Amino acid sequence: MPSEKATTRHLPGAVETLSPRTGRRPETPAYGSWLLGRVSESPRMRRVRIQGMLTVAILVTNVIGLIVGAMLLTVAFPKPSVILDAPHWVSFGIVPGYCVLAFILGTYWLTRQTARALRWAIEERTPSHDEARSAFLVPLRVALAVLFLWGAAAALWTIIYGLANRLFIPRFLFSMGVIGVVAATSCYLLTEFALRPMAAQALEVGATPRSLVRGIVGRTMLVWLLCSGVPNVGVALTAIFDDTFWELSNDQFMITVLILWAPLLIFGFILMWILAWLTATPVRVVREALNRVEQGDLSGDLVVFDGTELGELQRGFNRMVEGLRERERVRDLFGRHVGREVAAAAERERPKLGGEERHVAVVFVDIVGSTQLVTSRPAAEVVMLLNRFFTVIVDEVNHHRGLVNKFQGDASLAVFGAPNRLSHPEDAALATARAIADRLASEMPECQAGIGVAAGQVVAGNVGAHERFEYTVIGEPVNEAARLCELAKSYPSRLLASSQTLRGASENECARWSLGETVTLRGHDQPIRLTSPVQQLQMPAQSADIVGGALGDHQTHTIYRGAHPTD
């Protein structure tokens, strides 16, 4: 039993791939089998592949049917003998001649009808709605053609052999009828499999599949009828004909039943295998695609190649992935407009008006001489320059886990400590300011900017109305950073911070800054001590005018070496 289960479990792999099995299960191809090629395959190569598969599948199926029929007519029902008790010109002339003619005419007619139905694929164009619906009928037409040829053979041979001996009549009707139905159904399923690439293109235009049976239930019941119904009917008819016409011995009756049962068992096994594989493959494709989505890959859609409910499953997966892609696009745009941290906070909890007190550090950056910059350059060049300028700022702010809260013309405001809490927001802000100053000096020497850094308590939250609001920070540190940025434009370093900001910084960061003079910023009552990167702070010639004459006495510049500054 374990060996049988293992064999059954691995059988579908023989259809999926011809390559040896490795330790890792190969990924299911887009059409469910490597035999059908890739989606990117050229149309000409796909036509050759499909035509070859159809020809081989139909010929092999019918050759096997002829072999089984010969066994039934000669071994299962030996009397009367089709060789000894029938005219030789029938057994060695009519029958072989009909088989050859049926193969030739059948192959020609099926090839022509298939090519006509798939003309759009040969011409490498998108099918119309009617052409797409016609493509779904190809498997049914193939099955009906095969059934017609077997039915014609049954009628012709029954009449000819019946004229020689009436006992041939039920034998030929029964044998040819059963084999014809099984062969036609096998050709139907194999043709449906081979035409999956064409069905996928037809489904893209929205055509409704038209087939012999509808849905998974219809397909399953059809195979059940052939695998279980036909053998049972065959055994019952054998018993009836034996009692009525043949009068077989017990041994001969047993041989007849076994010969009738064995081929139908094999054919039934093959049909059930094909049915199980046709059903499982779309599910496996969707399952593997779900695994890719779970890993964050939303790049690919499934090829919808099944006309049953499984095709609706594939279509539903594509709609789901498109929705996820749209959601990611909206999330990306939202994050670009308001900042990744604000977007993440909005996803975690429903946004509401109001805010909370936070300890943050603020970096304000503004271009020096922006009016002259705008008037001296074309508008397109100014936009490109501003984009490069803001790219430097955004890169460094993101690198230090800050939030670019606003773009105001040629200025920007970055916040550290809101909405994401930071253990040392001063360190992050000061390091960001230094990095921006260094990069602007090296990468954009034509664009100089003043940079101000301040820290303290602010109110951070959503400001506006219920219909339209934005996340921002309000408080004295924001105003102080803006005034320091304005003052920094007159210093060679272009970067100033307050000594209060350095009080909250680490010793490692403080060692990179130098204390300067004490000033009273415009709009402020209390003086503050300026700091700037080490060995860069210099007093401007007309700084008294800039700070409103409140500079006071010149302070001695000292290098800060680890001790916290005091006013």
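Glycine too: its Cβ is placed from the backbone N, Cα and C atoms.
According to Swiss-Prot, the protein has these features:
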{"type": "REGION", "residues": "1-26", "note": "region 'Disordered'"}
{"type": "TRANSMEM", "residues": "57-77", "note": "transmembrane segment"}
{"type": "TRANSMEM", "residues": "90-110", "note": "transmembrane segment"}
{"type": "TRANSMEM", "residues": "142-162", "note": "transmembrane segment"}
{"type": "TRANSMEM", "residues": "173-193", "note": "transmembrane segment"}
{"type": "TRANSMEM", "residues": "221-241", "note": "transmembrane segment"}
{"type": "TRANSMEM", "residues": "257-277", "note": "transmembrane segment"}
{"type": "DOMAIN", "residues": "278-329", "note": "domain 'HAMP'"}
{"type": "DOMAIN", "residues": "361-485", "note": "domain 'Guanylate cyclase'"}
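Restricting the average to the domain 'HAMP' (278-329) gives a pLDDT of 81. Secondary structure of the domain 'HAMP' (278-329), assigned with DSSP and counted as helix (H, G, I), strand (E, B) and coil, comes to 38 helix, 0 strand, 14 coil. Here the domain 'Guanylate cyclase' (361-485) is broken down by DSSP into helix, strand and coil counts: 57 helix, 41 strand, 27 coil.
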